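**Q** Let me begin by handing over the structure; questions about it come next.
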Amino acid sequence: MSPRISPPTWRHGKKVAGAAWAMIALSVVCQVVALRATWYSVDDFRFVALATEGPPGWSYLTQPVYGQLMPGGLFLTWILTWAAGYNWVLTWSVVLLMQVGAYVYVLRTLRLLFGDRPAILVPLAFYLFSPLTVPSVAWYSAAMLSVTLQLAVAAALYAHVRHLREGTLRSGLRTVAWTAFGLLFFIKAAVIPLLLVVVTLFAAPLVVPGVRGLRDALRLLLRQRLLLVLHGLLLAGYGAFYLVTGATASSYVPVGVERGIGLLPYIGRVIGETFLTGAVGGPAGWQPGAGHFANAAPPALLLGFAWLVWALAVAASLVFRRGAWRAWLVLLTWLLVADALFTWLGRATAWSGWELRYVADAAPVLAVCLALAFLPVRDLPGNGNRTYLIRPPSGPAVKATAGVLAGAMAALSILSAGSFGKLIDTTEQRAYIGNAARALAAAPAGTAVYPTDVPMEMPIPATGLTDLTSRVLAPVAPQWAVDSMRAPKPATEPRVFDDKGDLVKMTIKGGGLLGPPAGLPCFPTIGDVVDLPLSTDGGPLTVAGLGYAAFADTTASATVDGRRLTLPLKRGDGVVYFPVRSAVRSLPLTVTGGTCVKAIAVGEPAPVEPS
């Protein structure tokens, strides 16, 4: 016979709520302090560059990005870019605000299920101070996916629990709305409906009055037919559109390509190493990752500690709490499907299993499931004597042990977050953008500025134009400079940006220099036409340079990229540069006034090295 336990009292309302809000505020302060050096990095510049193309039309919002359809993230980036350019305070404030939104929904779920009792602060603290969420908060590109998904998961869980307990259709419809919100940012939101079904089938006996087993849970699920149909239609529509857009081809590891790691080893890495250590305050150690960020590198001792802690936690809950396995099944479902399977399908690289951003979305699920595995739910008939199989131990020894464990995990969390923050170095990125902004502000309007690649320490190389200064620097450039870099005109003294962000004189690199036939000072002219041996496939950065000698200021002209270009030539010896975007196999050049064409070169623009 189960021991009788006095029903919990709910008299701590204002104090517990106040403590929870204070913890949320403290969590945000800790993140700001630990990650104060963060700024735009790697993929962030690509997203900003995409946002500078113009209004957020259909093609912009629905373009696949690294295997994702993320119109919500692209639209958010467009708003932030056009509102303030590279304003990290604004951008990070939006990220932190969404993170706080996820915190609040987890708190609301805990209060809904367990009331305002001090014990809910423990699972809440797991979420608020877990290093699992730190890397994704520090990196805008990751936050667009992970933080928004955390918000969607936390809000959908709250709405679903409320719907199960109260039966209101409005709450049920909110689960569909939050799933749709999540899908606007991250494909992993497609797992939310599965999470809600598992909660209904297996966790309902823990949270819903009158549901005692699978048969009751099935009846409860069938009463949600409308919501199931709506979720199904949402997923079917999203899936069809995802396939039509060909988004899978843009993934890190496209479908049909052999993965660098098998599914089972990946599960062991992402759950058994990264998640478990992060959930106890790890990983403590880090290894190099994308840009200036880092991936988990938990030491063996911490790995053993994490396994021991979670093994004891699960075992204790199964011994004491009736139906605790149901809570762990919910968490395991999310980890296996969303964080292991989905990530393996699209991101199964040699290092992705150590990236905490791919398991950050499990943190709100962990907080709720941890509470369900140990705490009695309020307002359930007989929850006082049906919650526990065996009376949980109490007393000074238990409290001391719990205090030591909590202290160790808190110390680990501080160590992990602090050491991660110290690895962040955005000095070069900040300096480059700042120098470029000042150089453009000082340059005379109309200066010919040609596009170049931005330095390698900024964005991850990508296809298209998003790595060019014409896109990356657009938010800090006056319109005349944007127009010049995106559609450069022939010029005798063009400028380009060097690796420091300074605007300097331009030359050509990577191409061959061709002179006139042997013994001739100039290319031969037939009438007023010089047939130059220019051969190139063209491209977004391809530039030709024409060396000449002119008796007076004059012009030359040629048909390039299907249009007639007029090349300005100054008196004396000089070089005139012009872009070549399409293939050219010879270049008939019309000259006047006895101009001597002495050389032709083709390549990419580059800064003149200081002498």
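Just so it is clear, glycine is given a Cβ too, placed from its N, Cα and C backbone atoms.
Look at TrEMBL and you will find 85-106, 118-134, 140-159, 193-214, 226-244, 300-320, 327-346, 358-377, 397-420 tagged as transmembrane segment.
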**Q** May I ask whether the transmembrane segment (85-106) has at least three C-beta pairs under 8 Å with the transmembrane segment (193-214), counting pairs 6 or more apart in sequence?
**A** no
**Q** Which residues of the same chain, at least 6 past either end of the transmembrane segment (327-346), have a Cβ under 8 Å from a Cβ in it?
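**A** Residues 67, 187-188, 190-191, 194-195, 198-199, 202-203, 206, 251-253, 255, 259, 261, 263, 266-267, 270-271, 275, 314, 317, 352-353, 358-359, 361-362, 365-366, 369-370, 372-373 contact the transmembrane segment (327-346) from elsewhere in the chain.
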**Q** Top stretch among 85-106, 118-134, 226-244, 358-377, 397-420 for CB pairs under 8 A with the transmembrane segment (140-159)?
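**A** Ranked by Cβ pairs under 8 Å, first place goes to 85-106.
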**Q** List, by number or range, the same-chain residues at least 6 past the transmembrane segment (226-244) whose CB is under 8 A from its CB atoms?
**A** 62, 69, 163, 169, 172-173, 175-176, 179-180, 183, 187, 190, 193, 196-197
**Q** Using a Cβ cut-off under 8 Å, which residues of the same chain at least 6 positions beyond either end of the transmembrane segment (85-106) come close to it?
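**A** Those are 24, 27-28, 31-32, 38-40, 48, 76, 124, 127-128, 133, 137, 140, 143, 147-148, 150-151, 153-155, 157-158, 364, 367-368, 433, 475-476, in sequence order.
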